[in-house]
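> Below is a structure I'd like to ask you about.
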Amino acid sequence: MTGGGNITEITYFILLGFSDFPRIIKVLFTIFLVIYITSLAWNLSLIVLIRMDSHLHTPMYFFLSNLSFIDVCYISSTVPKMLSNLLQEQQTITFVGCIIQYFIFSTMGLSESCLMTAMAYDRYAAICNPLLYSSIMSPTLCVWMVLGAYMTGLTASLFQIGALLQLHFCGSNVIRHFFCDMPQLLILSCTDTFFVQVMTAILTMFFGIASALVIMISYGYIGISIMKITSAKGRSKAFNTCASHLTAVSLFYTSGIFVYLSSSSGGSSSFDRFASVFYTVVIPMLNPLIYSLRNKEIKDALKRLQKRKCC
């Protein structure tokens, strides 16, 4: 800590993490390390596969490759530091490191929310307007939608960081979490946080409620279109096209809403921390599995890649 007049500013935070479970620290380290490596391997493999196979150069897989990239950055913003702290007695992070960690985490999380909205629109165009799909989802539009997702997430995060840097931290420096998250930082502030709380609420409404509403409306129209398909095979194919994205969206939003509703208490309970693990660590690992498990095009691309290697 550094002194400045009558105020002692915090220069580092202590991340409580899972230090209240000393008996299972090594087990947790092993589990999180396996999840992290698996997540990186699956997401990066999916990016490479989509890049290498020309049959996957479509809007759907363009969005999916960007989702995998976001998930790699998203999980990497928290897990490496968490793994490092699990092996240390003093689990600390500098003030600057904390701000950078939250900035990356927030940017990627908000960008993912926007990207999932774009992916829902892509599925809407594919199911509801199949004849016009190619003209609607042009390469130019797809690029702008992805850039828009990144820029929106980045801009919103910059606003949050700007507001966060206006606060003073001069009391307790113990964060009862395994990473720097906004609710926990606001609790530690010794200055008024009303403006930051209002801004966070507005951003939550925009990225959470508004995005979820757009996705729900898109899938409402998709559901109506699927019901109009006469053949059972056609309905099944249309449903399978959307099922993976709907599953990923449901997991992302329900877990996120649950974690941030429970964080009103500061995320101090052990249950809150373990619930956050699912939202921040497990979902980035599950996404490539969800999109690939029953995806015939991904399986066919893997077969073509194997044949290419054999030749």
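Even glycines carry a Cβ here, placed using N, Cα and C.
Pulled these features from Swiss-Prot for this protein:
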TOPO_DOM  1-26  topological domain 'Extracellular'
CARBOHYD  N6  N-linked glycosylation site
TRANSMEM  27-47  transmembrane segment
TOPO_DOM  48-55  topological domain 'Cytoplasmic'
TRANSMEM  56-76  transmembrane segment
TOPO_DOM  77-100  topological domain 'Extracellular'
DISULFID  C98-C190  disulfide bond
TRANSMEM  101-121  transmembrane segment
TOPO_DOM  122-134  topological domain 'Cytoplasmic'
TRANSMEM  135-155  transmembrane segment
TOPO_DOM  156-197  topological domain 'Extracellular'
TRANSMEM  198-218  transmembrane segment
TOPO_DOM  219-238  topological domain 'Cytoplasmic'
TRANSMEM  239-259  transmembrane segment
TOPO_DOM  260-272  topological domain 'Extracellular'
TRANSMEM  273-293  transmembrane segment
TOPO_DOM  294-311  topological domain 'Cytoplasmic'
> Does the transmembrane segment (198-218) make contact with the transmembrane segment (101-121) through 3 or more Cβ pairs under 8 Å, each pair 6 or more apart in sequence?
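Yes, the transmembrane segment (198-218) and the transmembrane segment (101-121) are in contact.
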> Where, among 56-76, 101-121, 135-155, do we find the most CB pairs under 8 A to the transmembrane segment (27-47)?
56-76
> Within the same chain, where does the transmembrane segment (239-259) have neighbours whose Cβ lies under 8 angstroms from its own Cβ atoms, ignoring anything closer than 6 residues to its ends? I mean 6 or more beyond.
109, 112-113, 116, 119-120, 123, 126-127, 208, 212, 215, 219, 222, 226, 267, 272, 275-276, 278-279, 283, 286-287, 290-291, 293-295
> With an 8 Å cut-off on Cβ-Cβ distance and a minimum sequence separation of at least 6, pull the same-chain contacts of C98 (disulfide bond), or say none.
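Result: F13, I175, C180, L185.
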> With DSSP as the yardstick, break the topological domain 'Extracellular' (77-100) down into helix, strand and coil residue counts.
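Final tally across the stretch: 14 helix, 3 strand, 7 coil.
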> What residues, ordered by sequence, lie under 8 A Cβ-to-Cβ from C190 (disulfide bond) and sit at least six positions away in the same chain?
H168, F169, C170, G171
> Out of 56-76, 135-155, 273-293, which stretch touches the transmembrane segment (101-121) the most, going by CB pairs under 8 Å?
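Checked against 56-76, 135-155, 273-293; highest Cβ contact count belongs to 135-155.
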> For the topological domain 'Cytoplasmic' (122-134), find every same-chain residue at least 6 residues outside the stretch whose CB is under 8 Å from a CB in it, and list them.
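Distal contacts: 59-60, 63, 142, 218-219, 221-222, 225-226, 238, 241-242, 245.
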